[in-house]
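For reference, Swiss-Prot has these:
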TRANSMEM  33-53  transmembrane segment
TRANSMEM  99-119  transmembrane segment
TRANSMEM  141-161  transmembrane segment
TRANSMEM  163-183  transmembrane segment
TRANSMEM  213-233  transmembrane segment
TRANSMEM  238-258  transmembrane segment
TRANSMEM  268-288  transmembrane segment
Amino acid sequence: MEWSLTQDKLLAFHRLMRTDKPIGALLLLWPTLWALWVAAPGLPPLWILAVFVAGVWLMRAAGCVVNDYADRKFDGHVKRTANRPLPSGQVSEKEARTLFVVLVVLAFLLVLTLNTMTILLSVAALALAWVYPFMKRYTHLPQVVLGAAFGWSIPMAFAAVSESVPLSCWLMFLANILWAVAYDTQYAMVDRDDDLKIGIKSTAILFGRHDKLIIGILQVAVLALMVVIGRLNGLNWEFYWSVLVAGLLFAYQQKLIVRRDREACFKAFLNNNYVGLVLFLGLAMSYWS
């Protein structure tokens, strides 16, 4: 029986860290890989690559824990989140705080194997990961903070590989923020009615009936910035083909969200994984050739 309880607790931790739902980690991973490949240029040193891949999964898990901790009093009132480990009592608040600290310490131990510039930048990464979940109480733009949190691995990657943060780094960081606002607005459209009832703020609420148009504008801006990054770094035609495919995926997402159906909006959000993957493949093939 004791073993069963332990197994149940581990399963609850597993759900709290969202290791059963990798989409968030993938949306964090792709921009990290973009940055590593552009900074190298090409295949980065294998240890640095391993540190960042492991760091992505650890910090995404930590972000999910602190997000659920921040939302623990709200999640019970939302149908989609009512059964999460914290509001359902499967994990205590103390256990969640302890798990967050363990994950952050493990991630920081990995960062300590890198250069000083990267270590210093990692402090901002922790601050963004902690602050983001609480922003939805105070501003309609928490998605901007999410974009900064998900994108902070970009300057860290450039710093780790080249000990510099050039213009391409910050353009990529900006592109990631715009992309995150677009895809997380799609995600927020799923919960918009519930969020309005409990007082949670989001860009989906802020944009209102202009949500689809603004998402489209953001997506076009992302593609334009990626083209500029390609030009600055002398990338080959393979990369520009990937930008075109990403544009087609964005068009497909626009089709999905046209009626603002919850399931379709969530499907559009998930589709962004392929956008990140396609752009990474374009970068990798461009440097390979």
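Backbone N, Cα and C define each Cβ position, glycine as well.
Highest Cβ contact count with the transmembrane segment (33-53) among the listed stretches 99-119, 163-183, 213-233, 238-258, 268-288 falls to 268-288 (criterion: pairs under 8 Å). Listed by sequence, the residues of this chain that lie at least six past the ends of the transmembrane segment (141-161) yet keep a Cβ under 8 A from its Cβ atoms are 27-28, 31-32, 34-36, 38-40, 44-45, 48, 51-52, 55-56, 63, 111, 114-115, 117-118, 121-122, 124-125, 128-129, 131-132, 135, 169-170, 172-173, 176-181, 184-185, 188, 201-203, 206. Sequence-remote contacts of a segment are chain residues at least 6 beyond its ends whose Cβ falls under 8 Å from one of its Cβ atoms, and for the transmembrane segment (268-288) they are 23, 26-27, 29-31, 33-34, 37-38, 40-43, 179, 182-184, 186-187, 190, 226, 230, 235-243, 245-246, 249-250, 252-253, 256-257.
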